[in-house]
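S.K.: Reproduced below are the annotations present in TrEMBL:
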REGION    1-49  region 'Disordered'
COMPBIAS  27-37  compositional bias 'Polar residues'
ACT_SITE  His141  active site, proton donor/acceptor
ACT_SITE  His230  active site, proton donor/acceptor
Amino acid sequence: MEALRATYGDDDSSDSDSDHSPPLSFPANSNPQTEETLSSALPPPPVSLLHPPNSLGSLDYLQTGQPSRVRSFPHVEGNYALHVYIPVFIPSISKKEMGQFLKRVSSVVPNLHVVDIDIPLNTLCKEEHKLEQVALGREFHISLGRTVPIRVHQIDSIVAMLRQKLQFQKRYWIDFNKWEVFVNDDRTRTFLSLEVVTGGLPEITKQIQAVNEVYKLHNLPEFYKDPRPHISLAWALGDVSGSLKKVVEQETKSSAFRGSLQSRICTSKVGGIECKIGNRTHIICKSPDQ
């Protein structure tokens, strides 16, 4: 799918951080064909190729009932979306318990979708391996700055300054201690997230301050005054934070995740910082192995 998106995907100048191309559809067999077309057409591929062993199987559920999302900012020709973040991967040892938690929450709040790929969470919950592979096996992001539109002439300057400010970064561990619910600024989406409350918080806070300095020099809006670093795993349309928080609190109390500052839902080691501008990802820094 990534190869298809690279070939037919969004324009590099797009400033959208949330819109996706419509799902691919196959041409109907009812279209009339000429004799020349019939004689030169290749036979259809085997059905097994459409659903390889590691695929999600039928994608019918992606083509119906897709929720419509609202842009974080209006599209302007020539703008690029800027996002600075720490890439995070969930360790295999934590996926089973986290998957069970997501399954319980999804059974009560059925309109949750997996972040970025927008697959209904309750669909993945039907098969445990798909839940762990798709919902928990991908790259997550801890934002170090707001996602904002920038102009093409700002790109080189922003990337250079970010690298200068963040070039000397040691590896450190991040502890995700708490399930939390967040709502975006315009209250069009609600997120189920894992928050960093203790381990790694001082280091992330310093990195946010460095990114803020670069943003300020380019007249870009700084990050939240009291940042709460987190990764988002699922989202729902609109502001459903009240009902989702109740479910999360109930499930947290009844599960292995007690929500205390000492507990760890999962732990991840920071390997570097990246910056995505439009469709291109820039490596800002890589932490040395030590």
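Cβ coordinates are placed from backbone N, Cα and C, and glycine is handled just like the others.
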S.K.: Go through His141, His230, our active-site residues, and report the one whose Cβ sees the most other Cβ atoms within 10 Å.
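M.R.: Highest number of other Cβ atoms within 10 Å: His230.
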S.K.: Please report the Cα separation of His230 (active site, proton donor/acceptor) and His141 (active site, proton donor/acceptor) in Å, rounded to an integer.
M.R.: 8
